[in-house]
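First comes the structure, then the notes that go with it.
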Amino acid sequence: MALIRLVAPGRVFSDLASMVAYPNFQVQDKITLLGSAGGDFTFTTTASVVDNGTVFAVPGGYLLRKFVGPAYSSWFSNWTGIVTFMSAPNRHLVVDTVLQATSVLNIKSNSTLEFTDTGRILPDAAVARQVLNIIGSAPSVFVPLAADAAAGSKVITVAAGALSAVKGTYLYLRSNGLCDGGPNTYGVKISQIRKVVGVSTSGGVTSIRLDKALHYNYYLSDAAEVGIPTMVENVTLVSPYINEFGYDDLNRFFTIGISANFAADLHIQDGVIIGNKRPGASDIEGRSAIKFNNCVDSTVKGTCFYNIGWYGVEVLGCSEDTEVHDIHAMDVRHAISLNWQSTADGDKWGEPIEFLGVNCEAYNTTQAGFDTHDIGKRVKFVRCVSYDSADDGFQARTNGVEYLNCRAYRAAMDGFASNTGVAFPIYRECLAYDNVRSGFNCSYGGGYVYDCEAHGSQDGVRINGGRVKGGRYTRNSRSHIFVTKDVAETAQTSLEIDGVRMRYDGTGRAAYFHGTMGIDPTLVSMSNNDMTGHGLFWALLSGYTVQPTPPRMSRNLLDDTGIRGVATLVAGKATVNARVRGNFGSVANSFKWVSEVKLTRLTFPSSAGALTVTSVAQNQDVPTPNPDLNSFVIRSSNTADVSQVAWEVYL
């Protein structure tokens, strides 16, 4: 009679070495390893990938760890085993130990990597390389479009059978057309990643419906083509911690902390990434803490960066819908950099589109706190702050960047700046404090400055066109608004200055017009501005060889007293002491101007005539003229007029 084992024997081991050396495991065995890295195992003779954490090779077969939920780094005997475990998709690993990286850790689709308070990854001691990779790949085969696809379209066409696209497939479109987000494309060509939502074929042509509209025109004349990339999808990194302060005197170099390429739905939160740069030193090896290249729907939240050679978060290629929230970057080149790819080693495609930075902070950056490098579209920063940057606080080098309620403190150059050829950044409710050159510099291509404040700079706003509306400016040593061009070939455009509070506070002029750079004041309009206290000296001019025509002026205030009242005409005339002012000379670097006096008749006697202002006179007392003794005459066309007339003085 055959004997049948009814109860599997229990095999308990106190250490890993004795367990993996045991020679007599059988399939039914119940196997237990004691200790912090212990657990329950099953034995199998089926070939399995060994990672020395969840799968061990033993005599005659393999031990498989029994677990539900994440694996733990403390289970693994070495870094190579962790790399092996994470090389497959659908993985969840908790880093609960200090790991010494000896190679790149590649993370695949549908995976999560999270760190406990004691979990760390220390960069490779021997080779400077990336630490964590979420890397897909570009298509290996492209097919041409069957027809032009216009910007705004959500449909492309290819020849029937040319592309094996089905619902859910990612597509990578590109052409030889150049990116258009900024003034200098550096030769980078257009590209986008889209997802297929439907496919239909008729008459030898396959129509592919896309999840989002195209941002560019894809023309056959520009060799527009499409392929299927390999995307890494749905990856989450929770509290990633790379390197340590003072670890081996910060000599553990890495090129990129977390590198993503052709990835979708990548989310990084609450991390710490420490670079190798000595405090305050210039750029060194170690480009970026986090790099997104050709990624879609990515987020970074609550992550800190220290001593990074270049960038905290770098976004380039056709990355789209990237959001960065609540990061803190200390002693990096830029906290956030939207970048172009170098074409020195061949063609490159794609610019960042739809980028949003919210509640981000940059401290002591070696260059601008936040930068957009020449290309990119629909870029926005909200409630971000730059402190003590060695260049500008914020630098816009692509068109139409929008800043909402951001702040710049003590930048070595401008608090907020654009660059050559950049058109019309938008600033709303932003604050600039104690920046060396200016609070806002829009003098490279114009800009819009709405309800902002600048205090303690040489100039509050440098600008050559656009609009400055609302806001408050104080303690700016030369001027509150400097109308100039930082580059001679930049075209001056019309400029509206409206409703700005720029009272005299002991330093600087309200406005400065830079004739040296060819500024034409007639392209400027100034209205409803509070320039109280500046008096005759509200404007500074330089570089003009003949007296220029002043800007268009309306309802500006130079004083807060002696500027309104009521006069009663006697025999059709009244002399009024008021703070009327004017400059009647013809000196080149000055404007010829006189106060505007608005008259409103309050009574209407039968003798009422047409009212005019004549004989504006300024007190000439020496050494200090008294503006309260300035005067003007209200005169009626009817010498019998005895009307009461309200008067208001403006510039």
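The backbone N, Cα and C atoms fix where each Cβ goes, and this holds for glycine too.
What Swiss-Prot annotates here:
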type: REGION; residues: 71-559; note: region 'Interaction with the host trisaccharides on the capsule'
type: SITE; residues: Gln130; note: site 'Substrate binding 1'
type: SITE; residues: Asn217; note: site 'Substrate binding 2'
type: SITE; residues: Lys291; note: site 'Substrate binding 1'
type: SITE; residues: Tyr311; note: site 'Important for catalysis'
type: SITE; residues: Glu314; note: site 'Substrate binding 1'
type: SITE; residues: Asn339; note: site 'Substrate binding 1'
type: SITE; residues: Trp340; note: site 'Substrate binding 1'
type: SITE; residues: His373; note: site 'Important for catalysis'
type: SITE; residues: His373; note: site 'Substrate binding 1'
type: SITE; residues: Arg378; note: site 'Substrate binding 2'
type: SITE; residues: Arg397; note: site 'Important for catalysis'
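Everything Swiss-Prot records as a feature, shown here on the structure.
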residue	record	CB count, 10 Å
Gln130	site 'Substrate binding 1'	22
Asn217	site 'Substrate binding 2'	17
Lys291	site 'Substrate binding 1'	25
Tyr311	site 'Important for catalysis'	27
Glu314	site 'Substrate binding 1'	25
Asn339	site 'Substrate binding 1'	26
Trp340	site 'Substrate binding 1'	25
His373	site 'Important for catalysis'	23
Arg378	site 'Substrate binding 2'	17
Arg397	site 'Important for catalysis'	25
Determine, using Cα-Cα distances only, which of these recorded sites is closest to Lys291 (site 'Substrate binding 1'): Asn217, Tyr311, Glu314, Trp340, Arg397.
Glu314
Recorded sites clustered about Arg397 (site 'Important for catalysis') [Cα within 10 Å; pool: Tyr311, Glu314, Trp340, His373, Arg378]:
His373
Calculate the distance in Å between the alpha carbons (Cα) of Asn217 (site 'Substrate binding 2') and Arg378 (site 'Substrate binding 2'), and round it to a whole number.
17
Which of the recorded sites listed here (Gln130, Tyr311, Asn339, Trp340) have a Cα atom within 10 Å of the Cα of His373 (site 'Important for catalysis')?
Asn339, Trp340
Which secondary structure state does DSSP assign to Lys291 (site 'Substrate binding 1'), in the simple three-class scheme?
strand
